[in-house]
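The Zn(2+) 1 binding site annotation in TrEMBL covers Cys4, Cys7, Cys22, Cys25. The feature zinc finger is assigned by TrEMBL to 4-25. Residues or ranges marked as domain 'TFIIS-type' in TrEMBL: 70-110. Annotated Zn(2+) 2 binding site per TrEMBL: Cys74, Cys77, Cys102, Cys105, in sequence order.
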Amino acid sequence: MIFCTKCGSLMIFEKNRKVYKCPKCGYEVSNRNNGKVVVSRTIIHGEKERTTVIESSNINVPPSAVLVKGHTRCPKCGCEEVYAWQIQTRAADEPPTTFYKCVKCGYTWREY
């Protein structure tokens, strides 16, 4: 995607002229890739942003759940490390329910 440098709108590629044109202000940019669209994005994660996916067989959660290890305070013992997974427990237009299980004491709770 290319955004207009003048107004910020999403530019549209005109195949016949091989240019990107802003539908809002008319600004044009020539295509440097000969009509091919190249999509690229680099995401640099800090140490706290990394997600660890855990094998759930020894933690007693539903087999279809994707289990991650995160940092949320356990309401029972105060530990900061938890396992978390999400399950769609209500209608599809409702957000999924997030379940947490404390790494230290094993207490399980949920957030709607």
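Each residue, glycine too, has its Cβ placed from N, Cα and C.
Since this is a predicted model, take the numbers as computed values, not measurements.
Sitting within 8 Å of the Cβ centre of Cys74, Cys77, Cys102, Cys105, and not among those site residues for Zn(2+) 2, are the Cβ atoms of Pro75, Lys76, Gly78, Cys79, Val103, Lys104, Gly106, Tyr107.
By a simple count of nearby Cβ atoms, those within 10 Å, the most crowded of the binding-site residues Cys7, Cys25, Cys74, Cys105 is Cys74.
The Zn(2+) 1 site is set by Cys4, Cys7, Cys22, Cys25; from the centre of their CB atoms, other residues of the chain with a CB within 8 Å are Thr5, Lys6, Gly8, Ser9, Met11, Pro23, Lys24, Gly26, Tyr27. The distance from the Cα of Cys25 (Zn(2+) 1 binding site) to the Cα of Cys74 (Zn(2+) 2 binding site) comes to 53 Å. Of all the binding-site residues given, namely Cys4, Cys22, Cys77, Cys102, the one with the smallest number of surrounding CB atoms inside 10 A is Cys77. Cys77 (Zn(2+) 2 binding site) sits 52 Å from Cys4 (Zn(2+) 1 binding site), taking the Cα positions as reference. Across the residues of the zinc finger (4-25), the predicted structure has a mean pLDDT of 85.
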